[in-house]
Amino acid sequence: MPAIVIIGAQWGDEGKGKATDLLGSRIDYVVKFNGGNNAGHTVVVGDEKYALHLLPSGILTGGVTPVIANGVVVDLDVLFQELDGLIARGVDVSRLKISSNAHVITHYHRTIDKVTERFLGKRQIGTTGRGIGPTYADKINRVGIRIQDLFDENILRQKVEGALDQKNHLLVKVYNRRAIGLDEIVDDLLSYAERLRPMVVDSSLLLHQALEDGKYVLFEGGQATMLDVDHGTYPFVTSSSSTSGGAATGSGIGPNRIDRVIGIVKAYTTRVGSGPFPTELFDEWGEFLRERGFEFGTTTGRPRRTGWYDAPIARYTARVNGVTDFVLTKLDTLTGIERIPVCVAYDVDGVRHDEVPASQSDFHHAKPIYEEFPGWTEDISGARRFEDLPKNAQDYTHALERMSGARISAIGVGPARDEIVVRHDLVGEAPSPADASR
């Protein structure tokens, strides 16, 4: 059976949790393969709203096995806060599995993250300060702490001691902060071990066996393509691989097992933190999108930057990920706008660019070239078929589909889990290349 990857196709906060939830009743496993608790998603179930930061959204669907795979960095305090919060609300969390190879965020990672960002001043990246980047840096530098290390105190103590030799030198000599004690870190990590033990598995083997047994496996990407460490707007990116390729390396399955890649795009664009954003709005329309779309970070609560839909970005992310289907979210946010601008290309120093410039400098100087489309005033939250949408909303969707590099297979028309229009089956046979790129 297929492995399906869901990817954010802009700068994050596109509504991936809702798309995952849409597929949940037909999915057996939901896998988080990158990132940590630096990106949140909100899932609405009936009258209940759940804000998740680390746990896969599949944990809210009965019968689904949620998996935190090896590509994730895990803050154990956040993990158990989220689990305990769900347990208190009657959610069964006993199915959760965590890779023994996932890396652990410690107190010193969070400290380094925060003081480094302050030290950078105007050059700061805009991190969430949750220790994600420093944990991935330790992973690459081969001094990281993995989940499996918590079950051997001698190994854990040796690894933490080696890491603190460097971290404390940096904190004391460069940042003028106090040193962090070895026992403080080791005791904290060991306190989680026994509760964690029943959840820990070889996630690569688990997922391989699931696919061999004909199970449906959904890979849920954190952050988004334009924040990918290789393919995003570097250096204003996250520290992990947030494209479809990261699903294979971040979980231990072969790339040939991936059958479909579903890209999630808002009907407009948002971004959090620093970095280029060609369609960003600084006027009343930017505030309109922010207030109407509730564009405030699930993790940080900070206001998101807002702008119009960017078709070159969608084409770029379709190409980088091999997107077979797009899910267009928050179309309802645009209701009431008389003329809706869409960025169709960029002007860079008087030269038209139909695609995202490869040069970082060019992209920083890119000015959007807009085409406008007529809007609609009707409430679309009750639409369940494409034909139920106002003609102008249908035309807007068709226009985005033509410009974006893959078919739009579902459309979000409201915040609730059932407020969605499904045009094409997202679990059945994948579209042909001609259909996917039309």
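Using the three backbone atoms N, Cα and C, a Cβ is placed for every residue, glycine included.
Look at H41 (active site, proton donor): DSSP puts it in a strand. Summarising the annotation, Swiss-Prot assigns GTP binding site to 12-18, 40-42, R304, 330-332, 412-414 and lists sequence analysis as the type of evidence.
What Swiss-Prot records for D13, E14, G15, K16, N38, A39, G40, H41, T128, R142, Q223, T238, R302 is IMP binding site, and it gives sequence analysis as the kind of evidence. Note on Q223 (IMP binding site): other Cβ atoms within 10 Å of its Cβ, all shown chains, come to 29.
Here Swiss-Prot flags D13, G40 as Mg(2+) binding site, drawing on sequence analysis.
Taken from Swiss-Prot, the feature active site, proton acceptor covers D13.
Residue environment of H41 (active site, proton donor) contains 26 other Cβ atoms, counted within 10 Å of its Cβ in all protein chains. Among the features that Swiss-Prot reports, active site, proton donor is placed at H41, with the record citing sequence analysis.
DSSP gives P303 (substrate binding site) a strand state. Taking Cβ-Cβ distances under 8 Å and a sequence separation of 6 or more, the neighbours of P303 (substrate binding site) in its chain are R290, E295, F296, G297. If you look up Swiss-Prot, you'll see T298, T299, T300, G301, R302, P303, R304 marked as substrate binding site, on the strength of sequence analysis.
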Measure from the Cα of R302 (IMP binding site) to the Cα of every one of the recorded positions G15, K18, H41, L331, then give the nearest.
H41
I'd like to know which of the binding-site residues N38, T42, T128 has the most other Cβ atoms within 10 Å of its Cβ.
N38
Would you count the other CB atoms within 10 A of the CB of G12 (GTP binding site), including those on all shown protein chains?
27
Which Cβ among the binding-site residues (K18, R302, R304) has the fewest C-beta neighbours inside 10 Å?
R302
When you measure from the Cβ of D13 (IMP binding site), how many other Cβ atoms are you left with inside 10 Å?
29
Where D13 (IMP binding site) and H41 (active site, proton donor) are concerned, what is their Cα separation in Å, rounded?
7
